[in-house]
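J.: Once you've had a glance at the structure underneath, I'll fire off some questions.
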Amino acid sequence: MSGSGAPGPGAAPCRFAHYFVLCGIDAESGLEPDELAGENFDQSPLRRTFKSKVLAHYPQNIEWNPFDQDAVNMLCMPKGLSFRTQADNRDPQLHSFIITREDGSRTYGFVLTFYEEVTSKQICTAMQTLYQMHNAEQYSSVCASSSCSMDSLASSIDEGDATSLAKLQRYNSYDISRDTLYVSKCICLITPLPFMQACKKFLVQLYKAVTSQQPPPLPLESYIHNILYEVPLPPPGRSLKFYGVYEPIICQRPGPNELPLSDYPLREVFELLGLENLVQVFTCVLLEMQILLYSQDYQRLMTVAEGITTLLFPFQWQHVYVPILPASLLHFLDAPVPYLMGLQSKEGTDRSKLELPQEANLCFVDIDNHFIELPEEFPQFPNKLEFIQEISEVLLQFGIPPEGNLHCSDSATKLKNLVLSDLVNDKKNGNIPGNALNMYELLKGNETIARLQALAKRTGVTMEKMTITAPLVEKEKDVKLQCEEVELRDYKLNVQLREVFANRFTQMFADYEAFVIQAAPDLESWLTNREQMQNFDKASFLSDQPEPYLPFLSHFIETQMFATFIDNKIISQWEEKDPFLRVFDSRIEKIRLYNVRAPALRTSNYQKCSTLKEAGRLSIQRLVLVDIVAPEPHFLCLEKQQTDTQSIEQRLMKIDHTAIHPHLLDMKIGQGKYEQGFFPKLQSDVLATGPTNNNRWASRSATTQRRKDRLRQHSEHIGLDNDLREKYMQEARSLGKNLRQPKLSDLSPAVIAQTNSKFVEGLLKECRMKTKRMLVEKMGHEAVELGHGEANITGLEENTLIASLCDLLERIWSHGLQVKQGKSALWSHLLQYQEREEKQEHSAESPVAVGPERRKSDTGITLPTLRVSLIQDMRHVQNMSEIKTDVGRARAWIRLSLEKKLLSQHLKQLLSNQPLAKKLYKRYAFLRCEEEREQFLYHLLSLNAVDYFCFTSVFTTIVIPYRSVIIPIKKLSNAITTSNPWICVSGELGDTGVMQIPKNLLEMTFECQNLGKLTTVQIGHDNSGLLAKWLVDCVMVRNEITGHTYKFPCGRWLGKGVDDGSLERILIGELVSSTSDEELGKQCRTPPQQKSPTTARRLSITSLTGKNTKPNAGQIQEGIGEAVNNIVKHFHKPEKERGSLTILLCGENGLVAALEQVFHHGFKSARIFHKNVFIWDFIEKAVAYFETSDQIGDNEEALLLQRSSCKTFCHYVNAINTAPRNIGKDGKFQILVCLGTRDHLLPQWIPLLAECPPITRMYEENALLRDRMTVNSLIRVLQTLQDFNIVLEGSLIKGVDV
């Protein structure tokens, strides 16, 4: 809360309740319409809402929790005052609310709303006047129109009925002489902790005292004074008994090592939503989407919101949290941040009529109709089916159907069943008789007793039954619980359900500590550098997780709640641990004790919660074992049960809190007079202050602890300047949060404008953080050099970051919308822009951005310029039949623009249409803040420094047009061949098959299903005609949607009798960057992608002599090591994150190239009769030798092995030679190396070739293959590939049958 005033009396932090509040009608101001509530004045006056007011609150103010009158009034009566007559239902209703302060701390309110007869003649007369005016208007509309729209009751009037006006007046009337008018009033307790059941009972008893025929035992002031000043907050792990008007009330607070306090019945949450729906909503909350709860009942909104956030343990919701959104604050839904809000639905309002500013990332929960709408691209919770099964078993034990119950008894609103059935004997002093405790029943499952019984049995002692008596109470067969049976069952169910949820997180994050990066030496340096520091090793954590968990976890570890959890872990080095973290860590310790396993060993096997039987035992004992008899009326003591079991004694010892009994106060006689049905006017002077002497609770442990905490925090902050303190409070603990909680009180335009400016500032900061993160993760070695951690980014992580960027853009485009159209604000804006541009196209040519420069080769043959157009990219997306929704189209367009490096340029063009922006957005919208908008576009521009394939890799089934150009070397050969050329393009997702190239054409376009990143091109011809020989420089292929252009260098002849006689070649591709990209690339020094083989490497050995410097033996061996190491690293990545194996085998620095260097070293390259000699010639001579000679080995076993290897080698070479392909000799060597790698045969073949006689004729003495040590080293290196399952691309070995 916020507010000002003098500090209140007493030690507020240890009080059970901070304020008692009374809200209702102000007789002096009369009837004031509540315009902010947005009600329709066509409704009858009894259905309209009027302004309520805080009539009284006690005490006036508390320094720890200043009273915020506007917020409390708004949340006590979110719809304002409502009126009823004696004919209407006037059942009291109970609801609760929460006020979240800007620092994230919370205050709870519990409200009982009831109806009180209006005694003011002035107000009754005003209501009758309003009715007369209303009926006159309705009558005129009945006469004017045959189909009038009226109140729900009046709308059924037949148009021809002569008595229509009489009916109208009967149903919609208030007659001051005939009817009794009632108005809503509420009593409210504001507490620091959510003791819902206790507060509910206190308020119900207070209400019962007002409506009872007999006056209460003491004036109401006594009970209110007692709960405000004399009832303490129970310390952790203790239970408390205090007194209502008629009965004692018991509450208990969990201990420091138990799950945090939660008093809202999860039973109702599961009944209202159903298990399947609840798990889906729970997942949305974990992923910090926008959650909107929708119900007619305020308490349902609160119960569901509190229930779901309770289940988040050990994490905590970090964003806007308004479970009950008053009608006057609907503009909060415009917040472009994650939120969890509850909106009251009006009776009969259809969901379709509810206009929400943004729905792209919205989870809409219609509680009353058991229905949810989920966002698109929504990952499932890990082990969801097993998780649901486990929860179902718990629910069924308590008789709750997992599918939920639409007609569940709504205990939150039906207060008739809330009053405890049995009143105590002595109503005046509030005591109850002591009850006998069946201690044997309680101790039956105790381990100590079980061991004693087993020992007795072994020693031959017979024990029929162990009787344990409670000496100070009479024996009874059954334990009489002091809280209702239903309440206890709800409590047990709460504990068990929370255990199941907490167990899931304990299992999923059992090893999280191993990945926390604790780099800062002290708190001050950590706070100063928080934004620049990486606190959690996300890549390593994800690589350690089971595959099915990854889609969810990769999103979840990017959330603010996870970041805060890790921050708290790091801060715990210097500070006391966060309570949630302390409990969670202790649970992980227990897992390690009971379940010894290697920390890095992760399994996706589902592990059920094993602590359900013990769960909540302490808490339930605290509720059950309350047997407090007060010996005197003013001060009550605890009578302890004497038992033989230490654990029970300890539990009973904890129940030592009994509040001072309500007593007569020093009041003026005559005031506060009892009048049935009317809440009395309370005496302010006796309620404004607490007891003059410090009561015994003021120095209790809770206060002491608070004081210690404050002193500790103060001492830690000494030495930090004000800026750092501010950073400590605002940023370190809530980094990345935009506006944690908007104020509920001040609704002036200035405050709303300030709130929106905070939203704009927060969105810009979020954009900066996201783009920086995306760049750092993609920039590889550059990032490592700058100290940003690991270089690699997994595809999954990349996809998560891009999805997060899409969500941010949707939120930015939703902020400040004038009128919402469609679920995606961005796509709606794009469509309107497209419509305007297409209209202008008829009259004038639309502006087209200049594309990349025309790509030219030596021959002058080029790829035509690709037209850069925002509209064209929209059309590509609109033509994708796979995408069915506007949200999906917007995301596809963002991904396409990002992949084309045009996102910033496109959005700048979109926003350059200022008349359209002004038409669509309010003045305060982010998109109309010029300075922030320019910075936002600049941040997006920085993403052009790296390559994304976020469109190509996601939309794998779409049909894409491609364009290919074959570029020959004209200086040395014909530009056009007379033979029939063909081409086959392959990518990571498939290939085109063989396509014939039209004669005399070097360029062609074709369409096929998305090939992904292109890897190889096979090109060849049939060698027909006079000019069959063809020297091809390269092949260029372009994706016409994304604009990605690939170059496939060749530099070799195609034709018989030239080069190595090849009629077809396999070319390895490389992505060509545009000129502007190249400049950016130079600036950021991002490492280039793996290149395809150079022309020089591909030329035969004889053409290299003299012109190129040959690598020495050391360089060749280094090259082999690097090539093999790259393949090993490839297989150590997760399967989905691996790049192209083809490039690692056949690329410039690939294994084939490295082995070619080995075989070239010392090769006798003299031409014999002008004929080139190739490595393949040596291979064929070796085969001829193996097939004709008998090998001699040292022993029989070695001989058999050698013969087997020789036979296999000959079989592979012969299969390559006889394949129905016109492959040249270098191409055949490439296939042999690829097959040998795949089948792990290279280490067997190398020694055979090194020792065969042809090697002495074809290699110099200093050749690497003739050096035994080098050959052995080569074999050892190649053996490291034995463990990997190598799958070759089909284009590499097509037609070779081995």
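Our numbering is plain: 1 for the first residue shown, then up by one each step along the chain.
Note that Cβ sites are derived from N, Cα and C of the backbone, with glycine treated the same way.
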J.: Examine the ranges 690-712, 1104-1126 and name the one recorded by TrEMBL as region 'Disordered'.
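T.: Checked against TrEMBL: region 'Disordered' maps to 690-712.
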J.: Can you check which of 838-858, 1069-1089 TrEMBL lists as region 'Disordered'?
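T.: Per TrEMBL, the stretch marked region 'Disordered' is 838-858.
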J.: Express the predicted model's confidence over the domain 'RUN' (796-956) as a mean pLDDT, rounded to an integer.
T.: 82
J.: Work out, from DSSP, the number of helix, strand and coil residues along the domain 'PLAT' (960-1068).
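T.: Each residue of the domain 'PLAT' (960-1068) counted once, the result is 0 helix, 58 strand, 51 coil.
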J.: For the domain 'RUN' (1142-1291), what are the DSSP-based totals of helix, strand and coil residues?
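T.: Secondary-structure breakdown of the domain 'RUN' (1142-1291): 97 helix, 5 strand, 48 coil.
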